[in-house]
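Pulled from Swiss-Prot:
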type    : residues         : note
BINDING : C111, H114, C182 : Zn(2+) binding site
Amino acid sequence: MPSLSKEAALVHDALVARGLETPLRPPMDELDNETRKSLIAGHMTEIMQLLNLDLSDDSLMETPHRIAKMYVDEIFAGLDYANFPKITLIENKMKVDEMVTVRDITLTSTCEHHFVTIDGKATVAYIPKDYVIGLSKINRIVQFFAQRPQVQERLTQQILTALQTLLGTNNVAVSIDAVHYCVKARGIRDATSATTTTSLGGLFKSSQNTRQEFLRAVRHHP
């Protein structure tokens with residue numbers, strides 16, 4: 001994978017090794033983003049015409065291009081590891097060995113089954129070993145993996161694996177609570193249910209006390 005940061009390549013390889021990478025076909029050719037957007041816009045034009053929408057209307061005529069730009073540059077930008085966030089690791093000179101938790105990380109993703117919104121929040125915790133990570137980088141890693149067609153279970157495990165790989169420790173935990181619009185806006189149309197997924201590693205899995213400390217943080221209990 002050319003032109004990737006060392007961190008992005010390490011994370012990608014770890015996900016592939018664990019069978020957690022997003023399903024991607026081998027690229028038939030290397031398309032630049034502008035070509036990709038142009039092709040997507042053409043296909044979206046055909047879809048809208050099949051829905052009998054009038055693309056000569058000034059409200060609709062730019063919609064195929066808007067959708068193409070949104071897909072490539074925004075909501076599916078996490079499919080391209082060139083967009084993996086720049087990671088700042090700091091040597092753990094303070095010998096921090098207690099849980100570090102970031103709560104209420106806002107995430108918006110897209111259900112890969114129906115291409116509609118997943119809207120939720122993540123809580124991420126880790127116990128430092130040799131390094132600590134800049135706190136905003138945790139948010140950015142969550143957002144990177146959310147910017148893909150996803151299932152929530154895989155998203156949770158991808159975030160866990162990425163942080164374990166970067167931090168050099170298994171002691172990482174991730175919990176996501178989200179509303180799926182494929183449930184809320186179609187099908188059963190259940191507007192009140194939410195889905196919670198949790199992925200635990202190291203002490204968060206093996207130690208009941210550590211696991212309970214994390215779960216209390218997820219629930220905002222003191």
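From the backbone N, Cα and C atoms, a Cβ is placed for every residue, glycine too.
Taking the features listed in Swiss-Prot, we show where each one sits on the structure.
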residue	record	Cβ within 10 Å
C111	Zn(2+) binding site	18
H114	Zn(2+) binding site	15
C182	Zn(2+) binding site	17
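DSSP assigns C182 (Zn(2+) binding site) to a helical segment in the three-state reduction. In the three-state DSSP classification, H114 (Zn(2+) binding site) falls within coil. The Zn(2+) site is defined by C111, H114, C182, and by the 8 Å test on Cβ atoms against their centroid, the other residues of the chain that qualify are T110, E112, H113, F115, V116, I118, H180, Y181, V183, R186.
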